[in-house]
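Going by TrEMBL, these are the annotated features:
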COMPBIAS  1-15  compositional bias 'Low complexity'
COMPBIAS  16-25  compositional bias 'Basic residues'
COMPBIAS  279-297  compositional bias 'Acidic residues'
REGION    1-50  region 'Disordered'
REGION    95-125  region 'Disordered'
REGION    270-299  region 'Disordered'
REPEAT    186-228  repeat 'WD'
REPEAT    229-260  repeat 'WD'
REPEAT    311-352  repeat 'WD'
REPEAT    353-394  repeat 'WD'
REPEAT    397-437  repeat 'WD'
Amino acid sequence: MPVEGGSSSGSASAARHPKQKRKAHSLSIRRTNSTEERPPGIQRGDMLEGQDSKLPISLRNNLLDLFGQIEREFENLYIENIELRREIDSLNERLTGDGQTIEGGDPSKGPLKTKASHSTSQLSQKLKTTYKASTSKRLYTFHGKIGGPRNFSVATWELWGGDSWIVSSFKATAGSRALCQLLKEYVGHRDGIWDLSVTRTQPVVLGTASADHSALLWSIETGKCLLKYAGHAGSVNSIKFHPTEQMALTASGDQTAHIWRYMVQLPAPQPPPDVSAPCDDDQDSSDREEGEVDGEGPCEVPTVRVATATLKSHQGVVIAADWLVGGRQVVTASWDRAANLYEVETSELVHTLTGHDQELTHCCTHPTQRLVVTSSRDTTFRLWDFRDPSIHSVNVFQGHTDTVTSAVFTVGDNVVSGSDDRTVKVWDLKNMRSPIATIRTDSAVNRISVSANQRIIALPHDNRQVRLFDMNGVRLARLPRSNRMGHRRMVCCTAWNEENQSCNLFTCGFDRQAIGWNINIPALLQEK
């Protein structure tokens, strides 16, 4: 936080205490709840003249105004929670009364006991759902001159000395925790990582695409960098692997997409680290110090600098690319508002898919059918059907209110779309007039992925969180994020690997690292 030059009061204080050590991040402020408590004509800073502080008066006034706004907002929150508790007490009384007067019988005997228990369970579940929906996902924004607008969740109340019963009501129970184990951190890029993908052929490796103009291939088990692709002249925005051959497809800010071959040899596996943490909402979310990522970059690795094929037809940034089923054609999405379909063997442009009103953000192909879905900043995503060579149909879907950051197919007949409007929607390909499930979150959603076997949706957020949901919109877990693990900045993308017995989830972010997680799927589904 920038601070103005020293003030006269600060100099006088230093003169009185020449040997006193400077205290970092300490601030003594007398709280005033309203302007009526101050005498007319007296500013907030004038009331603090007698307090020892090196902060300028103007800065202290701004802080006081900001804290005053925060206090008033939390006071309103406190009142709302009291009202909610009164409603809960009233519902509990009704619940107790219903249990005592079921058809004039004794609810502790015979079939009446079962009926009463079922009614009680239903009302209790309804009560919990209503309470959580009313409170647990609220965010409050405070505006002040220092730091601009800031969001505070309900849990922030505890940091400011709020009542513990308010915070504890939003904590997950111990029975809702699932085990997530940190598999490996992949460190070596010099800039943020936009995208990542796992090969579909042996050997299974992880690929990352970075703003540092490179794509890297990694050993999943050891975290060692195996190969570097340096053929692009701009940010590498996406990476996808050929379904049957050792070829990669990368899209770049240099307005091209490259197809290049790779050959890697996996190093000897190492024992996995003994690091585990529960996937719940109680994890410490404190940040590590900003700066370079721990560890050194990759040693000298084989580098590929020349592409097998270069696709050049776009007039803007190529933001994403993917292989069509069979691997003989690829589709690219660009900021020039178009998607292009190319022949891999000849690099020939086959079709230009136009219709979006703004820049495209993502494209994805169906795993078994000739279908393509493109998403855009125009708040829509489009479904392109190439199954009939003579008819290329397109359907437009307007289910979001902000940029659609990604839309992906599942192994079944579903499309899952994520947006900057903080929602994720699940659609049925057979009837896409309205979504079959809607997931509402507290942060913008970036490039999502869906596991092929268990159909679990992994949501990367701008607020550095990664959350897991099922196809019905039921929340399963949140990956741990603390001062020891997790991303320090925006999480850009997620990718699944279910080739082995274990299920691995990979995440990447703008903190220059990718992270591998071992997800205990049986425990996750058991808690569900």
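Note that Cβ sites are derived from N, Cα and C of the backbone, with glycine treated the same way.
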At a C-beta cut-off of under 8 Å, are there same-chain residues at least 6 beyond the repeat 'WD' (229-260) that contact it? List them, or none.
191, 194-201, 207-217, 303-312, 314-323, 325-327, 330, 332-334, 342, 344
Grab the same-chain neighbours of the repeat 'WD' (311-352) for me: Cβ-Cβ under 8 Å, and only residues 6 or more beyond its ends, written as numbers and ranges.
195, 234, 237-238, 240-245, 247, 249-253, 255-259, 358-370, 372, 374, 376, 384, 386, 392
For the repeat 'WD' (353-394), distant same-chain residues with Cβ under 8 A (at least six beyond the ends):
316, 319-325, 331-341, 400-409, 411, 415, 417, 419, 421, 429, 432, 447, 452
Under DSSP, the repeat 'WD' (186-228) has how many residues in helix, strand and coil?
0 helix, 23 strand, 20 coil
Could you give the number of helix, strand and coil residues in the repeat 'WD' (311-352) as assigned by DSSP?
0 helix, 22 strand, 20 coil
